[in-house]
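Right, one structure below, let's go through it.
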Amino acid sequence: MMGVQICQGMMSEIPFFSPPPQFSYMMNKNIRLHTDSNIRNTFFTDIGIGISANSLLLLFNIFKLTRGQRSRLTDLPIGLLSLINLLMLLMAAFIATDTFISWKGWDDIICKFLVYLYRTFRGLSLCTSCLLSVLQAIILSPRSSCLAKFKHKPPHHISCAILSLSVLYMFIGSHLLVSIIATPNLTTNDFIHVTQSCSILPMSYLMQCMFSTLLAIRDVFLISLMVLSTWYMVALLCRHRKQTRHLQGTSLSPKASPEQRATRSILMLMSLFVLMSVFDSIVCSSRTMYLNDPISYSIQLFMVHIYATVSPFVFIVTEKHIVNFLRSVCEGDECLNIH
């Protein structure tokens with residue numbers, strides 16, 4: 001039973017996917033999803049909020065770059081994460097139209113293009129979040145730490161790492177360019193549905209297990225790296241607080257430094273990511289145990305995009321320099337002339 005769940009876990013990377021054993025049951029539910037206006041409206045509202053928030057965060061990083069302000073080591077990954085989440089949500093919105101809206105459908109090229117890009121952006125979002133956590137741990141590390149030597153690395157090193165990971169993830173998901181097709185016949189049981197128009201060619205149990213194992217190794221490695229870097233940052237913050245109280249007295253509460261505020265925002269982001277990953281795994285397992293219950297299916301549709309929707313708000317709310325920068329832009333353009 002555990003082996004079946006692991007092999008089926010591969011398809012949780014693709015939205016609206018139904019594992020083969022419950023194909024007929026889930027297919028009928030998918031066809032009728034467009035008639036449920038509550039699920040459709042809630043889903044697109046969630047996607048719309050995420051697109052708006054990530055667009056705002058991306059614009060801030062672009063303005064900061066064009067104005068020549070001093071950038072931090074984490075600025076590039078934060079801007080990249082907002083861009084990746086923005087593109088992923090746009091792909092999810094396009095894919096959702098083929099599930100929630102009844103229409104003529106797509107051809108092979110559109111199916112391959114949308115599902116492949118969505119899969120790639122989801123992987124890059126995970127990778128960039130991990131990179132962001134590690135970089136913040138490097139920034140916070142003391143001079144005596146072995147991580148301190150990475151603090152002054154040129155920005156192009158980060159760009160090369162991101163580019164290499166992008167190529168790697170594009171290669172990992174390249175099998176979708178072959179296996180994803182336009183559904184030739186809605187009544188056949190030979191294809192596994194992704195949406196109403198798109199299906200994935202059936203794979204052997206061995207191939208499913210192989211891809212599932214590779215994806216599981218990737219996810220476990222990156223999430224473990226995030227957890228370790230998060231634990232390291234928490235330990236450093238606790239030690240810093242104890243030292244500050246010892247030197248200045250417990251009656252004083254010194255203002256948090258920009259590095260500490262940035263670290264707290266990263267900690268919030270990583271905690272959210274880990275919680276959403278665990279919750280998504282639980283819901284995915286419940287779908288397998290309870291024959292793809294439509295309630296669990298609907299919950300997974302929303303939960304899979306919560307991180308991409310909420311993450312920009314974490315930076316916007318906790319990063320004081322974002323508010324100050326936007327305020328300075330408005331003052332420069334005389335948009336705050338309130339008498």
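Think of each number as a place in line: the chain as shown, counted from 1.
Quick reminder: no glycine exception, Cβ is built from N, Cα and C everywhere.
Note: Cys111 (disulfide bond) has non-local neighbours Ile180, Ile181, Ala182, Val194, Thr195, Ser197, Cys198, i.e. same-chain residues 6+ apart with C-beta under 8 A of its own C-beta. Feature annotation from Swiss-Prot assigns disulfide bond to Cys111-Cys198.
Residues or ranges marked as N-linked glycosylation site by Swiss-Prot: Asn185.
Taken together, the residues of the topological domain 'Extracellular' (1-42) have an average pLDDT of 49. Taken from Swiss-Prot, the feature topological domain 'Extracellular' covers 1-42 (among others), and the record attributes it to sequence analysis.
What Swiss-Prot lists as topological domain 'Cytoplasmic' is 64-75 (among others), and the listing cites sequence analysis.
The topological domain 'Extracellular' annotation in Swiss-Prot covers 97-119 (among others).
Taken from Swiss-Prot, the feature topological domain 'Cytoplasmic' covers 141-160 (among others), and the record attributes it to sequence analysis.
Feature annotation from Swiss-Prot assigns topological domain 'Extracellular' to 182-213 (among others).
Annotated topological domain 'Cytoplasmic' per Swiss-Prot: 235-264 (among others), in sequence order.
The topological domain 'Extracellular' annotation in Swiss-Prot covers 286-296 (among others), and the record cites sequence analysis as its basis.
Residues annotated as topological domain 'Cytoplasmic' in Swiss-Prot, with sequence analysis given as evidence: 318-339 (among others).
Annotation source Swiss-Prot lists transmembrane segment at 43-63 (among others), citing sequence analysis.
For 76-96 (among others), the entry in Swiss-Prot reads transmembrane segment, with the evidence type sequence analysis.
Sequence-distant contacts of the transmembrane segment (120-140) (same chain, at least 6 residues past either end, Cβ-Cβ under 8 Å): 13, 72-74, 77-78, 80-81, 84-85, 87-88, 91, 147-148, 150-151, 158, 161-162, 165-166, 169-170, 172-173, 218-219, 222-223, 225-226, 229-230, 232-233, 236-237, 259, 262-263, 266, 269-270, 273, 307-308, 311. As annotated by Swiss-Prot, transmembrane segment applies to 120-140 (among others).
The annotation transmembrane segment is assigned in Swiss-Prot to 161-181 (among others).
Positions annotated as transmembrane segment by Swiss-Prot, on the basis of sequence analysis: 214-234 (among others).
Residues annotated as transmembrane segment in Swiss-Prot, with sequence analysis given as evidence: 265-285 (among others).
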**Complete:** So Cys198 (disulfide bond), by the Cβ count within 10 Å over all chains shown, scores 26
